[in-house]
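What follows is a single structure, and I will ask about it in a moment.
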Amino acid sequence: MNIFRLAGDMTHLFSVLVLLLKIHTIKSCAGISLKTQELYALVFATRYLDIFTDYISLYNTCMKLIFLGSSFSIVWYIRRHKIVRRSYDKEQDTFRHHFLILPCIILALLINEKFTVKEVMWTFSLYLEAVAILPQLVLLQRTRNIDNLTGQYIFLLGAYRSLYILNWIYRYFTEQHYVHWITWISGLVQTLLYADFFYYYFHSWKNNEKLQLPA
Amino acid sequence: TKDESTKDEL
């Protein structure tokens with residue numbers, strides 16, 4: 001495992017921890033899109049089907065369990081927890097996330113490396129992860145005041161994606177036969193979605209201002 | 001043989 005991959009996984013892990021910290025300690029999910037969190041839960045549930053069939057490493061299995069557990073518990077918190085659910089802004093979080101799922105299923109059925117259940121599900125999870133952040137970004141546009149933890153959560157997610165691209169470039173040059181168009185293109189699309197957010201995030205950081213996105 | 005190396009990523 002190279003340094004970019006490890007740093008990518010760690011920023012991904014930190015992003016989840018930041019979100020859980022916000023929800024668990026402050027008992028608030030203000031500014032967090034339930035739609036995006038539900039899509040992530042679906043992404044991990046369809047991607048990590050191999051958890052019981054293919055053993056890669058202890059690290060790999062543990063991380064998979066953490067991402068599965070955390071994504072479902074975040075959804076549970078926002079939907080069911082008696083205090084947290086009150087801070088959920090249902091009126092603002094209106095992105096029709098179900099409409100993202102069907103195109104991803106069709107695309108995964110048409111464009112995949114192997115037409116098997118596990119492979120199609122895995123490909124579906126890649127396509128869905130690429131667009132899963134959209135409801136969150138739309139909600140962010142609508143929320144005038146973005147709190148620090150929410151801003152950091154999205155920054156860490158974007159950093160995780162960027163580091164994965166560096167990891168692929170590194171692996172391409174250091175490993176033989178390392179060509180994965182589906183992973184790379186969907187990963188690149190996903191990272192580009194953060195470009196706008198990054199621009200305003202660094203802008204506010206540079207000027208030491210509170211993060212605000214233009215309406 | 002097909003390279004399965006992306007499957008080791010998360």
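Glycine is treated like the rest: Cβ placed from N, Cα and C.
Straight out of TrEMBL:
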type     : residues  : note
SIGNAL   : A:1-31    : signal peptide
TRANSMEM : A:55-78   : transmembrane segment
TRANSMEM : A:99-115  : transmembrane segment
TRANSMEM : A:121-140 : transmembrane segment
TRANSMEM : A:152-170 : transmembrane segment
TRANSMEM : A:182-202 : transmembrane segment
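Give me the structural setting of these features: burial, nearby parts and distances.
Within the chain, the signal peptide (A:1-31) has long-range Cβ neighbours (under 8 A, six or more residues past its boundaries) at 59, 63, 66-67, 70-71, 73-74, 77-78, 81, 83-85, 87-89, 139-140, 143, 146-147, 149-150, 152-154, 156-157, 159-164, 166-167, 170-171, 174.
Only residues 6 or more beyond the boundaries of the transmembrane segment (A:55-78), in the same chain, are considered here, and those with a CB under 8 A from a CB of the stretch are 1, 9, 12-13, 16, 19-20, 23-24, 29, 32, 34, 37-38, 40-41, 43-45, 48, 84-85, 88.
Proximity of distant same-chain residues to the transmembrane segment (A:152-170), defined by a Cβ-Cβ separation under 8 Å and at least 6 residues beyond the stretch ends, is recorded for 2, 4-5, 7-9, 11-12, 14-15, 18-19, 22, 32, 133, 136-137, 140, 180, 183-184, 187-188, 190-191, 194, 197-198, 201.
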